[in-house]
Each structure stands twice: as structure tokens, then as C-alpha cells.
């Protein structure tokens, strides 16, 4: 199984990662173990292929996009800080965080806005800040079974964009996206309990 | 109600019964003594046929007594099955009440009929029938379907809760009732302490799994389900052990003679009985796993071996006065992993279904006995005893839940919330186990047995009906689900996306458990156990041809349903798009929302979903299959357009026969067989031959040069889930059949097996995930990963 050290000192830059992401020491250790477990030939970084090894992702309709979200800006290598940064988005929101937060500091990675941004980028592949009808249609296609015809999908996509689009440009910007989900409990939906 | 269709069926048979009785005029008991009476019957028949000069040769005669027992038993089981069908026909019913309610009702119905027709042979269940025939299948099924990973991860909590909980409940209820009995006004002073303790032990045998199905959809988290399941599993064993020990005490001598030494001996015996049972179970599990290694040529006896060894473990343990229940459970748990890899696919399915069937039959019969015993004259109603029993059951369960969990929460990484504890408290539904134990109390030692039986019945009926029906709403209430029905389409879509996203990220995170212990065990397992217990070189030829057939068929089906049609995946022609914003009327929106709701893919369930009475239908197989095919297609599309892929046509035409690695162009479904962590599947993977398909596509644009397809035996993946086996292969020949111009070019023929239920079984550790991965015909590895492919082989050795 390789030399799996359980010493936190082995994690490079552990303190800066902790500050940035807000993970506890124990969680970081676990994530590090997981990172190394995924990196089975011990390159020190993860590539797309390593993440594709996770079989369960293969049958997730959004598997590809999720993997892509770990590799922002087209990079091919994912190091541990990058890995943790993505997972930090899914930390449960601690109510105290918001109270004591210094408004001048950047928002914590697991704030509601950041969670929404993460979800937004799953739709917005071309990163133009808007979800076009086309992109909505593509996502719909991924998520819906084959019984739905193309025409139905298109009309659903139309309707989805139409509902959220307020300024009438035929696309959903991030703010419109956030507004359409204002009633949802995003903090709970996009939080993973074990990532304390 | 389902009963309506039973009504026309029922009276006919019972009418027939009555007629037969009048004609037959014999009465017998429905136990082994019937055999003896059947014998003279038989002789009489033959005698009549032979020597006696009867009046005439009867052209049409009725001999009901000959078939009475099997006939009636069959009728009851059929009745219960019909009721179950009716129960499930109404979709909302299973969510409202647990199936035990139904069984109890059926039992009561049968009891009423028997009582009403004054049938002379009410069925009698005696101790040996119950303990030897009816109980083992129920316990075996529980042990077999238990998901091992969550169980062992939480084993500390489970043992603490199940073991101590049962003890606290038993002694608490017993002592409290004893105190009540001391009160002269209730007229119970002849019930001594031992009897009360015994009653406490039998009434504390819960069956919480029965309610699991009711709140399954509320997405109870994995730990909670595991606690409930674990408790159900161990609770039976512990109650029976306690029961036997206390009966031994009762038989021993009078209460006053019991000394502390005896009590110590009792405790020691408790421990020995428990551990000894487990020990024997494990031994038998290994033996049977070892034997299944050699059964490849006679796969028809594989289920037999599994069942017989489990049963044998039970019997051997019982012989030595150890706990047979724990033995059979341990046997099932040990044996499952290895047996699943060894036996053939059909044997595996047979084992699963047969186990469900046996346990379902057993439970039905017990409930019928219960029903019969309810509707009868042998009750003794004592208000005080019964009311206090009910009260104490609830009180002590609450005490034990909250106290024990409070303590165990201090040691847990993820403590159980109060909400979880409430759910566990409320799921303390009694079931068939308590009734059987009460029924089998020896009358000689328990003069007031009827009262005990009545009290037990009241508790069972109360908990099954009242608690069973209200637990659903309670869980939903506690879950604080959004009752906002009017979700816009946006919200629905986005929430589903987020659910999928969350599930995906959870998969990336994997399972966090006690790595060290698990790793050590895996190493040991890999190094020694698997070598001994798993078959070598599973033969593939027959499997291969079978899969090809399967895949061809499925591919054809898929083409027909339009999956492979170009429209589903084509890039929409922009030219045809007319961007108009249509104003949709509300009905359209409604229908749109419906379409969306019903057709969106379900999120993969990570928690175990165990249903005691049924094996879930394999709907998400289809979903997984669709998703994978789609990914294949889109990926192929993208590669066709010349996206940069570092892997070229490396394969060439080398016909390398690697036993475990497929090569070809990279696929998102890159389900490679990995060695390092996925120790559990190395064995099976390395034994898989690869099959080469030299497909030369007409256009030859892609790396179609050489594809290695790997057919991994489906059974190599079973982890407490159902076998997927949907091999899907788009064959070249099939391609030609379909003749799809655009697509025909690019069909790398991946061979993959849609896997789904593995997901639901909650076995989502890395191994399983990659096992699922490795199930996929791992297609495509570029040539330069050759070194990687060597690795597993080397490492394996």
C-alpha cells in the first residue's frame, strides 16, 4: 500500500491549506490519504485518468463534468492543494463562521455563493459567465433518460432559461442563477457531512 | 384491497375443507404426530383396496386427511403471497405501513377462518419445528444480505448498542414487571422474578428491519440504517441465548436456591455461547467457501452447498448448546464474499432468491401461527400486566437508546444526532421472534403462560400497527423535508444536478474508515485467504459466448428504443433552431415538470437499502447503462473531432493476450483494473482473459486498430448487491445490421456491464467502486500504459 504516513507534517504547506480551506487537521489528513490512494502510481499529482478510475463516477451522469471541475483552466495535473480546494466547497457551513467573519477577508470557500458558483460552472462550460440555452440543453440531455424526446428536451431547456432569465438576453447569468435558487437550502444540499 | 380478490377464493376452499372434514371425520394435529396417524390411514386405504369387500368401488372419493398438512400450509403461504401482491399493487401502501402489518393481518384472517369453521386441527407450532426449521432461514437471510463494510466499520457501536441494549431492555422490563407483580392488587403475585426476567428477555426481541422499508425513501443516512440492521441481526441471537439461559435457570431449581455462583456461571455461559457460535460459523463459512472452489463442473449443487453448510453450522452449534443463530449469521457473512466469486452467475441468483423465499415462507408461517393463536379461546387478560408491559417496553427502550448512544457518541467520529436516536427508539417494533419465544414457554414451568402470550400479542400488535404506521410520517417530519411542491422547473433541475454533484464528490472522497485495520485485513485476505478459497482460472469460453448473446440482444433492443439513434446525440443543427420565446400555458409547464421529474436520472444511493421482503427490481441498471453508452458516444464524438489525445494508435495489431488489461483509446469509462487498493478484485480480474476484436472500421479514423475487450465475469463483483449482468456490446456484426451510416464507423466495441445495484448495496468503498470500474470492460488503455498493466500481474503473484 505504499508508505502511507499518518503524520501531518508530510503534507506540504499544510498550514496555508488549512487557512484557505478551513478544514480541520484530521480531515486534511484523511483527504491526504485519499489523495494518495487515488494516486496509485505515486506521481504526486492526480490526472484525469486517476479520477476516472473511480468507477462510481462513471455511472454518474455528470461524472465527466465533475472530473473536469477538478482541473480548472485546462490543466492536466491536480496537486493536493487543488484537490482540497475543490472539496472545501462542500464543507458544511458552520453558522459561526458567518457571524465572526471579517468582511474584508475573502469569502470562505464553502460559502453559499461559492457553492453556487461551483454548481454554475458545471453548466457553463465555455466560462463566459452565462448559461446559454445550448448549455442548458446539454446538461438536460445528460441528466434525463432516453425516453424523453429531443423536442421535449428542447422545450424544457427553453422554459428553464426563460424562467430564470430576467434581463432577456436568452441566457442565465450567475446572478440570475443564484436568484432562481434563493429559496433552496444550498448550504445543506451541497454539503458533505464528513468533510468537517 | 388485495383481500377482495381473496374473498372469492377463500370460501371455496374452506367450503371444500368443511365438506372434506365431514366426510373424513378425522381430527389430527398438525405436527409430527400426524405422521403416525397418516400411517394407519395409509394402511387403511390399502387394506380397503385389497381385502375388504367394500360396497362398491368408489368412483370418486375424498381423502382429505392424507394431504391435510401440506395442503393447508400451502394454502396459507399462497394466501400470504396473494396478499403481498395486493399490497404492492397499491403503490402508496408500502410507504404507509410495514409489510409485517400485512402479514399479521393475514395471520389473523386465517386464524379467524379456522376458528370460525371450528376446524378440528388448529396448527400447532412446537419448539423443535420453530427452532429447527422456521428460525434458521430468517436468520440466514439477515446475515447474508448484510452489507459487510458498513457493518464492520460500525461494529463497535453496533455491538455496544445491540448487546447492551438487549440486556438492559430484558432486565429492565423484567425487574420492573416483577415490582409490579409484587403489588397485591393486580393479582400477579405468583409470577416470580425468574419468570418476569424471562418474559422481559423475550419481549425485548425487536425486529426493526421491518420498518426500514417504510422510511427508506427518507434517505436515512448509512450509519443509522446500519445500526438498525445490526440491531435486528444480533438481537434475535441475544434474546434466544438469554431465553435459553433463563429457562435453564428455571428448570434448575427453585428460585431461592440460586446462588451468585450460578449467576456468574450464567454470565460466563452467555459469553461462551455467543463467541462459540460465531467461531463455529466462521469455520463453516470457510469450509463452504473452500468447497465452492471445486464445483465448477457441477454448478447445480452450488446453492445446495451454501445452504447445507449454513444449516449445518446452525445445527452443530445447537448441538453444543452454543448459539446457532450467531453461528449461522457468522457463516453467512464469512462465506458470502468468497462464494460470490466462486459460484456461477445463475447459482448466485438462485441463492439469493431462494434465501428470500425461504425466509419469507418461514415468517409467513410464524405470523399465521400467531394469528391462529390470537383468535382463540386461550387467552388470559390481565389489565395491569398488559398495560405495564406496554409502558415498560417503551420506557426501557427509550432509556437504553438515549443512555447507550450518549455514551457511544463520545467515541464516535460522527455522532448520532437526537433525531437519529428518536428514529432508532421508535423503530422498536416487535415481530415474529417474540411471539415464538412466548408461545414456546413450557407450560409446566409457567403456569401463567397464557397471560404471557396474551401480553406478547398485545405488544406485537400495538407496535406493528401503531408504531409501524406512524413511523413514516414521523421520519418525514423529522427530516424536515421541503414540502414545497411547487418547485419550478429550474429548481428541480438544479437540485437534481446538485444531488448528482454531491454524490459524485462523495465518491471522490471515498470512505473514511479505520484504514489501518481494514488494510491489514485486506492484506491478509489477499495473501492467504483468497489463494485458498477462490477458484483459479475461471473458465471463460462459455461465459463469453453467453455474454455475446446477451449483448447482441441488448444492443438490438437499445437500437430499437432509440438510444443509438442519431437524434439523441447529435449536435443540434443550429440552422433549424428558431429562437422564439414561447409563452407556455400552465398545463404545459405542469407536463414539462412531470416529464422532468419522472425522467431525470436518480441519484445513486450510497446508503444500503435493504428490504426484508423483497429484492429490489433492477431499474437503475438501465439508467447506468444509458449513462455509460451516452458517455461512450459523446466521448467518441469528441475524439473524432480530433481533440487532443496523447494516445495514438499504439495498439497496432499486436495480439497480446494480457490476462487483465484491455487497451485502446481512452474512455471516460476508464475502468481499469487497478491493483493497489482494490485487493478484493484482483483475484477475479487477473483471471480474466482478454478478447481481441480486430475491428477495422471502414473509415479507420480512430484507434479502432485493436481493441482489447475484457470480459469480466459478472459474478466477480458481488458485494451484497444484486448481480447486474447486463453485458452490452455493440458488435460489429450488429453494426452492420443496423447499418447506421454515421455511427457505424465508430463503434469501438466496448463490452461493459452495467452495474447498478452495487451502488445501492452501499458498498461504496474504493474497492467496490473500482470493482464496479473493473467490471466495465475496461477498454482502453494506451500502449504506454503497458508498464502499468504488468504491475497487477506482478503484484498479484
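Placed from the backbone N, Cα and C atoms, the Cβ positions cover glycine too.
All annotation found in TrEMBL is predicted automatically rather than curated by experts.
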From B:96-117, B:492-513, B:514-535, B:536-557, the residue range that TrEMBL assigns the feature transmembrane segment:
B:96-117
Transmembrane segment range according to TrEMBL, out of B:409-427, B:428-446, B:561-579, B:580-598:
B:428-446
Apart from its near flanks, which chain residues at least 6 from the ends of the transmembrane segment (B:193-215) lie with a Cβ under 8 angstroms of it?
94-100, 142, 166, 169-175, 177-178, 181, 225, 228-229, 231-232, 235-236, 239-240, 242-243, 246-247, 249-250, 255, 389, 393, 396-397, 423-424, 427-434, 437-438, 441, 445-446, 448, 452, 455-456, 459, 464, 467-468, 471-472, 475-476, 610-613
Under 8 Å between C-beta atoms and at least six residues away from its ends: which parts of the chain pack against the transmembrane segment (B:311-333)?
131-132, 135-136, 139-140, 142-144, 146, 148, 151, 233-234, 236-237, 240-241, 244, 272-274, 276-285, 288
